[in-house]
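One structure is given below, encoded as structure tokens.
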Amino acid sequence: MNMSLDPLVTGEVSHFVGIGGIGMSGLALVLRSQGKRVSGSDLKPNLQTQRLEASGISVFYGHRAENLQGVTRLVYSSAIQPDNPELLAARRGGVAVRHRAQVLAQLAEGYRMIGVSGTHGKTTTSSLIAVMLYHCGLDPTVVVGGEVDELGGNARLGSGPHLVAEVDESDGSLVLFSPEVAVVTNIEGDHLDHYANLEQIVEAFQQYANQARVVVGCLDCQAVRDRMPLTVSYSLDGHPQADYTADRVSFTAQGTTARVLERGEVLGELSLKLLGRHNLANALAAVAVGRYLGLSFEQIAAGLREFRGAHRRFERIGERDDIVFVDDYAHHPSEVRATLAAARLQGRRVVAVFQPHRYSRSQLLLDEFGTAFGDADAVVVTEIYAAGEANTLGVSGELVARRIAAHHPDVHFEATSDSLKRHLEAHLRPGDLALFLGAGNLNRIIPELLQRAEPPALAL
């Protein structure tokens, strides 16, 4: 894939294939807000396409060559298959074809970019920074990978000089970016369908970091600590070299409080509506960015206090019969552990409902998934969400469930959506926290479960 950059062309009509995706829709919306002509296509309507259509973007449902009439540039993501009819038609017809990351990198050239990367925590950290800057009056332009209520969605065009953007490492395209500030939250083995090994992942992050003016990273991650050219650092593990640390930490069911220190000197008290240790680390990254930009700690703390969390990041969907339903995007073993640790703070019995994401990830991290659910009282596993992959590895949701069951006493596998709903309707009980985990479409059944009027039946 050619990842070179080219200048934005006046009068260009950009067509986004898969425009309803969270990353594609945000970029399309910003371009439209800049006055550029944008269209797109997707398989079916969703919240994103409805918002795009309301903004004046033409959205076609179904991928067809005729959708490209008048288009001068086609934008695609790594989720689009090579045989997509619009992609093929664009290449045959001489239409410029650009990866989403190329277009975002071009957009970034006009801003002081704050790029947030890392295996975990990108969306929450970038959203924290964006909300902080917004509440401090800096009016940033934002493109993030989740819905943020305080910003009105997953993207916005601001009038200020800053662009806050989530930088995706999954396909190697992070090397296109040269941000003013690069935040690296952590680096772990993931996306090994693209990278041969962890070393290749680290090298991609190194190239990205070397292209930044300032690199903010977490010393609690060995790969970040040992391999990133850090300018500013933060830590919750008490690393003496860290620029930003926290003590007097309190985790409750309502949120997190901590005292923040800058190079050993007390800055003040931080209060978050977010749960869990991992989110305090994300907030420290935001503090570091805010201080680099010249904000006072009082401004930073006030801005971060406003953030209620991105959608699908420990998002409370609803409650029925004293059963709380929470949706979370966690799809890597480390994310599962962190999210379950936060769930335990609620003081409820935790029932983890897990949809593995991608055959490749499930196979490569099978043993790690096996030990990731220790903080759940009960676990229900579904079939794997393919995300466009073919299953050539012989892995299945049932295999994942068996691996978890080797380390956990209460694990069930449900192969279909209907059997999963029947199981949950029969076994959830008052006082439970039903935690839906995964980056696929598992959360679609939550509204159906919330609509049940009858109280749940037998306990597990």
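Using N, Cα and C of the backbone, Cβ positions are placed for all residues, glycine too.
Over in Swiss-Prot, the protein carries these features:
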type: BINDING; residues: G118, T119, H120, G121, K122, T123, T124; note: ATP binding site
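Here the features listed in Swiss-Prot are painted onto the structure.
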| residue | record | Cβ neighbours (10 Å) |
| --- | --- | --- |
| G118 | ATP binding site | 24 |
| T119 | ATP binding site | 22 |
| H120 | ATP binding site | 22 |
| G121 | ATP binding site | 24 |
| K122 | ATP binding site | 25 |
| T123 | ATP binding site | 24 |
| T124 | ATP binding site | 30 |
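Using the Cβ center of G118, T119, H120, G121, K122, T123, T124 for ATP, the list of other same-chain residues with Cβ within 8 Å runs, in sequence order, V116, T125, T185, N186, N282. According to its DSSP assignment, G118 (ATP binding site) is coil.
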